[in-house]
Amino acid sequence: MSEAEQVSVSAPEAAAAAVLDALNATDSNGTEALNATAKFVATPEGTALAYGSLVFMALLPIFFGALRSVTCSKSKNAADMPETITSRDAARFPIIASCTLFGLYLFFKVFSQEYINLLLSVYFFVLGVLALSHTMSPLMFRIFPASIPNKQYQLLFTQGSGESKEEIVNYEFDTKNLVCLLISSVVGVWYLLKKHWIANNLFGLAFALNGVELLHLNNVSTGCILLGGLFVYDVFWVFGTNVMVTVAKSFEAPIKLVFPQDLLEKGLGASNFAMLGLGDIVIPGIFIALLLRFDVSLKKNSRTYFYSSFLAYIFGLGLTIFVMHTFKHAQPALLYLVPACVGFPVIVALFKGELTEMFRYEESSPEEAAAKEDSSESDKKDQ
């Protein structure tokens, strides 16, 4: 690893996607610099542009993902229902992430990095196309011309016959979804062939936004358990070993946002990147989204906790970049993000006298919410 590089790898987004989450990185000088014979020195303008762009890109999926999570929590469509993280899941997160991370470290030590990354490219191509398509859908529904007929389709796979027939896949979509899928596929082919940083960022933003939208914490206590555990995880694997840095350097996938520090000199062909791992976005993002849903539950027409945590995230991320740039050393981003994103809203709740109410807030799983709604409807009919 060159002297100019600083890497901060963040925690997992979900247990089902631990590979994607355990490899998030924050790097000041890019992957292409690893093979450079001379140390690249970024200009102050290039550095400021790269860091500013990364912060801006990090805020986009958190802000819009949190807004979409409110709608998602009320959805009755099985495809759009969120995955609820319980306190038990949160407690197991750091252990699962650590095992995954160390397993990948051994994997890269034993097998050829080239072939591993080839398989990962194909895997993330499929995931990226689906994630980007899902991200684009609301926009497409607004701009799709009314003159073009929007036909409905259904993809159905069943097993068995007669009364024993079971549905394996039952996916409904329309013309607008097909257009989104086509556009996403073009971006996917671009990424697969060129590995261009813009294509990487489009996939990375889609992954992050989908993570914030679809991964829901069931209450604030669970969020504190998750962030606290990953705080320790991040600090240990960054400061305690070289495992995280080694895996992050070897892992070629759109699991990070990148922006070139030499963009002003080389244009779109620039290759010395500053990087921000998706885990540094998604992990705090799902907590911020929870606070927005708590704001909505208060029915006070204010977003106090959402905006306080959002501003806290900006402060924590800015502090991470400042320390990393000043000391020229790897920094675990959650070391700064977790205290900020948890501490600011708690202070606001104490000031407003709503701390107990905040920690009592419980978000029902989609199944429980549907059961409650069905029960209330049946009660109304009985009356």
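Note: Cβ is positioned from N, Cα and C throughout, glycine not excepted.
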Kindly point out the range from 9-27, 142-160, 199-217 that TrEMBL annotates with transmembrane segment.
199-217
Segment proximity, the transmembrane segment (268-292) to the transmembrane segment (333-351), 3 or more C-beta pairs under 8 Å
yes
Same-chain residues at least 6 beyond the ends of the transmembrane segment (199-217) with CB under 8 Å of its CB atoms are 13-14, 17, 20, 57-58, 60-62, 64-66, 68-69, 72-73, 80, 82-85, 90, 124, 127-128, 131-132, 134-135, 187-188, 190-191, 223, 226, 254-259, 278, 281-282, 285-290, 293, 363
